[in-house]
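First comes the structure, then the notes that go with it.
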């Protein structure tokens, strides 16, 4: 037996630090007592109550819809962007392009949210004065906002896979006379399918989790689940919120496990292929 | 040698679709923020006056510097920027101190175990920050779990006020952003060649010296990526100071939110965003070049 070294100890302490609060939250969501700090025995009471909360349920439905459309659009845009970045070494505006694609990863959400809202307001003014069309903020604007910042994450996931791919297969298809679009759809896309799926799920959870962007760009009647939770949380800890939060934790954990299995299978498969001249340093 | 793929017809399309989207919904909005930051607040819908006015065959452009001057006159804003930068800096250093050993331990674990550790680190990053911060509210409140435990073992007599202080904000920020430090560090450390350390120790360096002289310098790009992924978003963080912080917590993300939603002063909120962006421009550029270099290395 080896004496546990410093870094392993820190790793375990870090994992405890990360998971303990969430475990406590889940345990307290089964607390029968209305007082959040007093333990009153086990109960499913708060979970059952959630189903009767129609305001919350419609927010859940809305959030799931937005997340679905966000993930789909972000994957389409992100895959194209990742392909452009990894296959086209030079084109006009490449620096700007890669900047626009990586910056949303770190950009503070209050800035992105404010700027998108101001864009939508300006857009509404133009549409109204030129065409007389009324443009209201709502699910559409939330979808645009979520798609825009999810693209960056999809690009990271997909481009790391594209970088590993053996390009000679694509070249062979092209040499044999397949048109580029067909090569892309029938050769490239199937080979990167696991990361496209992982990117889709990632964008889905990002959209489901977002509070700040949605708060800025939503309109009346388009409250998402995080906005609903936030307005309740501001007033303090409540058992109902413990239950909602636990359900979300559970759902996201399942999704993450799913992504992990997809990524692991892809990893295993690519490892079974004969090793190409892997970069050694 | 690798041939370049030639996709003349599709190439323009593949590039232009995401290009246009990001240009329209990411870059263009900043121009509008810049514009609004120079306009005058007004009681109207939307609550600001137009910068460009066309009347009597003359286009007048009114650039109102008032919002920026206002920011310098009220010391609240300066304190909020400073507070954000301080919290972000300290949080980044704490995350680095905790995250580096964690990433190091993961990178040296057996392959199967690495994947499980990675899953455990990644899982929280996919969970809403709102929920993870909320979990701490129940723990840190004056009648919360931490105080109950400390009181029952007799360490303290009266409950400590932790929630709604800067201490709670530090705990929350480190908690929420630690995984973002670990992941890029791991991605870097796992590529290291063990034989370099062996060479260093064979040549007489102690393991600690080999670590500082070989491993740390080699992991520079991981350190930069991790630090920027923590530092930049924390500067603009809103949820954590709002839920865990108190009156003493001055952070610019929260101030911007209040200017926008509570005071409905869109021009001042825009000016705050522009100044924040200017402050973050250097770290963002650093992050971008670091990422681009990594991508280049892979290709």
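Cβ coordinates are placed from backbone N, Cα and C, and glycine is handled just like the others.
Among the features that TrEMBL reports, domain 'ABC transmembrane type-1' is placed at B:81-287.
Counting same-chain residues at least six beyond the ends of the transmembrane segment (B:12-32), those with a Cβ under 8 angstroms from any Cβ of the stretch are 277. Positions annotated as transmembrane segment by TrEMBL: B:12-32 (among others).
Taken from TrEMBL, the feature transmembrane segment covers B:78-103 (among others). If you look at the transmembrane segment (B:78-103), the same-chain residues 6 or more away from its ends with a CB under 8 A from one of its CBs are 71-72, 121, 166, 169-170, 173-174, 177-178, 180-183, 185-186, 188-189, 222-223, 226-227, 230-232, 234-237, 249-255, 275-276, 279.
With a threshold of 8 Å between CB atoms, the same-chain residues lying at least 6 positions outside the transmembrane segment (B:115-137) that come near it are 102, 105-106, 109, 144, 163, 168, 171-172, 175-176, 179-180, 182-183, 186, 239-240, 243-244. Summarising the annotation, TrEMBL assigns transmembrane segment to B:115-137 (among others).
Counting residues 6+ beyond its ends, the transmembrane segment (B:168-189) has Cβ neighbours under 8 Å at 87-88, 90-92, 94-96, 98-100, 102-104, 106-107, 118, 121-122, 124-125, 129, 132-133, 136, 140, 162, 215, 218-219, 221-223, 225-227, 229-230, 233-234, 237, 240-241, 243-246, 249, 251 in the same chain. Annotation source TrEMBL lists transmembrane segment at B:168-189 (among others).
Taken from TrEMBL, the feature transmembrane segment covers B:210-235 (among others).
Residues 30, 33-34, 36-41, 46-48, 64, 67-68, 70-71, 77, 81, 85, 224-225, 228-229, 231-232, 235-236, 252, 255-256, 259-260 of the same chain lie 6+ residues outside the transmembrane segment (B:266-289) yet bring a C-beta within less than 8 angstroms of a C-beta in it. Annotation source TrEMBL lists transmembrane segment at B:266-289 (among others).
Cβ atoms under 8 Å from those of the transmembrane segment (B:210-235) belong to residues 84-85, 87-89, 91-92, 95-96, 99-100, 103-104, 173, 177, 180-189, 192, 196-197, 200-201, 252-253, 276, 279-280, 283-284, 286-287, 290-291, 293-294 of the same chain, restricted to positions at least 6 beyond its ends.
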